[in-house]
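Here's what TrEMBL has on this protein:
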type	residues	note
DOMAIN	A:10-220	domain 'Tr-type G'
BINDING	A:Gly460, A:Leu461, A:Pro462, A:Ala463, A:Ser464, A:Gly465, A:Lys466, A:Ser467	ATP binding site
ACT_SITE	A:Ser534	active site, phosphoserine intermediate
Amino acid sequence: MTATTTAADRQFLRLATVGSVDDGKSTLIGRILHDTGSLPSDHIESVTDQQGQLDLAALSDGLRSEREQGITIDVAYRFFSTEHRSYVLADTPGHERYTRNTFTGASNAHVAVVLVDARHGVQRQTRRHARIAALVGVPHVVAAVNKIDLVDYSAERFEELRAELDELALQVGIGEITAIPVAAKAGDNVVHRSSSTPWYDGPTLLEYLEDVELAAPSPQPGELRLPVQLVSRPSEGHRRSYSGRIVAGTVAVGDEITVLPSGSRSTVVALDTLDDGRAVGVAGLSVSIQLADEIDVSRGDVIVSGRADAHLPVVARELSATVCWLAEKPLRAGDRVALKHGSTTVRATVQSLDRRLDPDSLIEQVGPGELVLNDIGTVTLRTSSVVLADTYEQNRDGGAFVLIDEASNDTVGAGTIDEAREVVPGRATRNDIKWHPSSLARDERWRKTGQRGATVWLTGLPASGKSTVAVVLERLLVSQGRVAYLIDGDNIRHGISDDLGFSPGDRAENIRRVGHLARLFADAGVIAVASMVSPLRSDRDIARELHAAAGLDFVEVHVATPVAECERRDPKGLYRRAREGSLRGLTGVDAPYEKPTDPDLRFDTTGADVTELAQRIVDLLVERGVVAAS
Amino acid sequence: MTTSTTTVDPAIDHIPALRILESEAVHIIREVVAELENPVLLFSGGKDSIVLLHLAEKAFRPHPLPFPILHVDTGHNFSEVIAFRDKRVTPTAARPDGIRLIVASVQESIDTGRVEEPDDPSGSRNRLQTRTLLDALEHYKFDAAFGGARRDEDRARAKERVFSFRDEFGQWDPRAQRAEPWSLYNGRIRRGESVRVFPLSNWTELDIWRYIELENIELPPIYFASQREVFTRDGILLTASPFTHPRPDEKVATEWVRYRTVGDLTITGAVRSTATTLPEVIAEVEEATVSERGETRADDRTSSAAMEDRKREGYF
């Protein structure tokens, strides 16, 4: 960089301050803003008392309750700029109760400034925050050893603290912590060099920030990660386009790409990087691209390089991750959450809690019973659909996720992927449980009984006519000499699922069980006819993949009767109750129904002949070779 | 990542700060359209909402804007701003569909008794806007509303998330904000709840001006200096108008002024200036020693928590 940097060319640096309550974070920030001339006169006036004393700390605490209690509750974002750089500074709370906000502030930072009170040294919160900085992979950590004036600008004390900080760096896994002696209140070594620390020859805090090397985004074409955010429909004169923010690598017109998880390939024919004239899209930029071929791409897919030497993400269903738990309700093994990663959200189950970090000793406890608010721990997660994962170490954006509680919709956890594993659905995943093989091969069984098994899965809104069609289909098949069996969503709740309620997690579990049950039926040579609302695509996909992994036919039928018609029928009075407000979470009323994007068969039962509809399913089974034409 | 030996275009290893801010804002706008059902963009005709609209159009080009814009009209407008607004939404060759504009009128809220006009004839209608805004969001069932607010504007704004969750009464609870690490925004809501979304959170006033210059964005003329009839009230330079009712002791004079912000005419102050071009305006903003709101917004001076209180009630 040179002094002639124009405003539009300035580099962007994100900075987060962390550290214990009362170590002087807010004062330090006020000092930086003040000494870089970033404070408008009316703001200075607003924190100057009648004696003309400036209360720098008051600049940051923007909420009434923060000013009342004298603590920072939430991240405040502050801005300042120099000739070289534009800074966004996240002032994060020191208070333990608001660790989630510290995490938020640190997650995007290029530099973390750890505040340490020169009198007290490294505290419990300093450790915890340093661990968070390490966890979120802040590339540079600098320690402002504050209130150095209160230890008489002692070089010995500073050396002692520097040693303490070196040890902390080692403990939490930060490469190096640069220590700077400062007095935020007086302004020593923050922006201006202090004459009171002649023994110190390092940079001031601002000099450090100005010079710190910012890593360039990974600019290798073979490392492209473009999570698809939006797919625009083609309109007159315009092709379909795919938009998203590049997370790694580069993309340019002419590049060969692959779409994951489908594996479809194409070539980029147009690129819009917003700033006209840029030929190469690079990590950090939001882009839109068009492809040479009409292939199936949807939100949540990731566009990667199609080169032979491309570095690809793991198509994962199991993640080992480090999680910062942000909710009052503890996290336990078996819990279900929604996991948002890139532009995709999937369901996840906590398979196990593996380790928990003790914030005081920084020692890891193995096999904890739970993670409580603000805990940092290692967990194993199983996801309902694939996650196209990188490790956090490889790529901050490709390896980060948040956890969302499906009932409250709150963000309850933030995590980083340590390891991503591919898991084939249906394959036993616990190594202490083995699949006991039958002495019969499936082919042999099917040959002897003269029937091959399959699953017909009917999905649709409540009262769409699924069960009516399913009952007729079952009868039709049996009348043709086939063994068919109806697995009805309601019936299953009388036995196998009588322990489940209607929370989103329980509903997903119910569908999971039916998927496994249908697979066993199909394996036995029965045509399983499952009639389930099964509103979420991801849940149905699990059932489909279970069958695919076992080499069994799975026919998805979307009973696409319009909601108005379903509501008119309403044999169980569900819609009426939902409208009255006495029933919450009814699919189609106040809970979503995700239509199958590509069902094997779709029909509307309005005014239709049910037998004719059932026959259409039989015809499809004939076409698939499951049953012979009669 | 594994390393490979491909040569790298030296021009791509550094993206200027403004382009990072642009990409971040576009990412946020696209995320809302992907995850929420019925968004709207709050448009005041001020520079921030003009930049926001420009970014939204870029986010979806060459396709038309996939959501309408909403102007909460206090009835106390600068005529130049309304003329600009109407021209901005009109179809053109480049934008044949135009932009769908919805106007929510504070006057109508007063007429229908939803809100009561303050007794003081020169009183601001700013506080009244909240009710009109919430009524409009509810009427059209908008579940996401983009706003042009920036964190550098005010201490309470500095605390706001990018996706700011609001309960079914439109209220903001600063203690219960959702964690927002990385660029992972949680847009999940229940029926009746909504999110306010602030794609310009990390922009400063200067970023806005420099971006307007970079992208050559058209603004209403009141942002550039011209001669206007003004008078001083409580240290704020107000335009003389039928809404501002200059009192006998308030001397109206013709002066060279321009505006730093656009809002309700009764509370939006002008600054003395002769800057008639964008570079001149930018030079003045760079030199300014008083903040935008401090200089030009009378309503934020009423209490140190004025903005926080209004946000808690549902203001954006």
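Heads up, the Cβ atoms here are built off N, Cα and C, so glycines get one too.
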**Prompt:** Between A:Leu461 (ATP binding site) and A:Ser534 (active site, phosphoserine intermediate), what C-alpha distance do you get in Å?
**Reply:** 9
**Euclidean distance between Cα atoms of A:Ser534 (active site, phosphoserine intermediate) and A:Ser464 (ATP binding site), Å** = 13
**Request:** Counting Cβ neighbours within 10 Å across all chains shown, tell me which of the binding-site residues A:Gly460, A:Pro462, A:Gly465 comes out on top.
**Result:** A:Gly460
**Prompt:** So which other residues, same chain and not among A:Gly460, A:Leu461, A:Pro462, A:Ala463, A:Ser464, A:Gly465, A:Lys466, A:Ser467, have a Cβ within 8 Å of the centroid of the Cβ atoms at the ATP site?
**Reply:** A:Val533, A:Val559, A:Thr561, A:Cys566, A:Thr605
**Prompt:** What is the Cβ neighbour count of A:Ser467 (ATP binding site) at a 10 Å cut-off, with all protein chains included?
**Reply:** 21
**Prompt:** Near the Cβ of A:Lys466 (ATP binding site), how many other Cβ atoms are there if near means within 10 Å?
**Reply:** 27
**Those residues of the chain, 6+ apart, with a Cβ under 8 Å from that of A:Ala463 (ATP binding site)** = A:Thr561, A:Cys566, A:Glu567, A:Arg569, A:Asp570, A:Pro571, A:Lys572, A:Leu574, A:Tyr575
**Message:** Quick check for the class: what is the C-alpha distance, in angstrom and rounded, between A:Pro462 (ATP binding site) and A:Ser534 (active site, phosphoserine intermediate)?
**Reply:** 10
**Request:** Would you mind reading off the Cα separation of A:Lys466 (ATP binding site) from the residue listed as 'active site, phosphoserine intermediate', to the nearest angstrom?
**Result:** 11
**Fill in**
A:Ser467 (ATP binding site) to A:Ser534 (active site, phosphoserine intermediate), Cα to Cα, whole Å, comes out at 13
**Message:** Excluding near sequence neighbours, so keeping only residues 6 or more apart in the same chain, what lies with its CB under 8 A of the residue listed as 'active site, phosphoserine intermediate'?
**Reply:** A:Trp457, A:Thr459, A:Gly489, A:Ile511, A:Arg540, A:Ala543
**Message:** Within the domain 'Tr-type G' (A:10-220), what mean pLDDT does the predicted structure show?
**Reply:** 83
